[in-house]
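Copied over from TrEMBL:
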- Gly183, Asn236, Val237, Tyr238, Glu239, Tyr240, Lys241, Arg242, Asp305: (6S)-NADPHX binding site (BINDING)
- 276-280, 295-304: ATP binding site (BINDING)
- 70-378: domain 'YjeF C-terminal' (DOMAIN)
Amino acid sequence: MGACPHAWRHNLQHRGRMWAASPAFRRQLFLLRSLAPSCTCVSGGRASSSSLRVHAMHAAAAGAVYEADAESVVRRITPPLDRARHKGQAGKIAVIGGCREYTGAPYFAAISALKVGADLSHVFCTKDAATVIKSYSPELIVHPILEESYSVRDDERESVSSIILTEVTKWMERFDCIVVGPGLGRDSFLLNCVSNIMRHARQANIPTVVDGDGLFLVTNNISLVEDNSLAILTPNVYEYKRLVQKVLNCDVDEENASEQLTTLCQKIGGVTIMKKGKADVISDGKQVTQVSTFGSPRRCGGQGDILSGSVALFSSWARHFLLSNDQPTEKSVNPMILGCIAGSLLLRKAAGLAFEKKKRSTVTTDIIEFLGKSLEDICPAEQ
């Protein structure tokens, strides 16, 4: 597949200039400033301390991406520890994933949501994975209801798929957000069942974070997230490349990275995408921001699972905060963007603290143990 043609780039830049001048763009900047008033704009790797308003008005035209004031976002959307609250009000998260080969990823995602502050964390996985995941921690509620092709006869597939969907549906409306993909694998029957679960979650207006093998599923079936403003995709560099090639029918354009990300979100329709990398770049097709706080040089597997669980919880917190806030401007801010900003920062902070202690031996479980301290450093819990 060839690179994007020059005309495509020119069109992107033209649309960027039009968007930068539009009232909608100015309104989005105002809304984000109301939550995160102190931001730094980054262009070409150099940071400026000038205000968001001065730089962001030119961002779409110049290809700049402003740095989110992530700590302010975390402080605003993290709910207080109120003695009057009851179990479940601080968040109920579900992870859809876990099969014979992969049991660590769903555990990392689910336990991370708990460590950040969720009250309840569920995992829906295959029977083969359930006992293993349960053995990792008694804190998780594990549902061994998914099936892979090898365990289902051809003449049973339709009925088994229906049973699986019915079982998940019993729980779905209790959740504030679901995570689809960690440890899911690529078995065709399992992916078909998860597709049905995603469609039901969408009908129930349940926010959905898609990571890992969930991105493989979505890339091959874009309709699962098309026009869904409550969907978040969290691709790494390889997953992003496949997504761009599938949706935009071209290669990744690093020279016009922010414009291409914006176009990708718009093409899919309303989804939020967090492109993971040295800086996590986030867009919903209307705005582009990033979190570039340095975390750790250690790139052990599983950090994306921590991120997906954290983003799921923060997005649910942000959604609740915005829905319950009396300010009409804040109600118009995209909670999925805020959840991505907060989750990205917390992972980076925790990874940095873990690396300070463990250096080269740092693994994912070490990072998870610093999630609580990282949040406490930013947003101390009141006694």
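Backbone N, Cα and C atoms are what each Cβ position is placed from, and that goes for glycine too.
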Binding residues Gly183, Asn236, Val237, Tyr238, Glu239, Tyr240, Lys241, Arg242, Asp305 ((6S)-NADPHX) - maximum C-alpha distance in whole Å: 21
Averaged pLDDT, computed only over the residues in the domain 'YjeF C-terminal' (70-378): 96
Which of Lys241, Lys276, Lys278, Arg298, all binding-site residues, has a Cβ with the fewest other Cβ atoms inside 10 Å: Lys278
Proximal residue to Gly183 ((6S)-NADPHX binding site) among binding-site residues Lys276, Asp280, Ser296, Cys300, Gly304 (C-alpha distance): Gly304
Cβ-based isolation winner (fewest other Cβ atoms within 10 Å) among the binding-site residues Gly183, Gly302, Gly304: Gly302
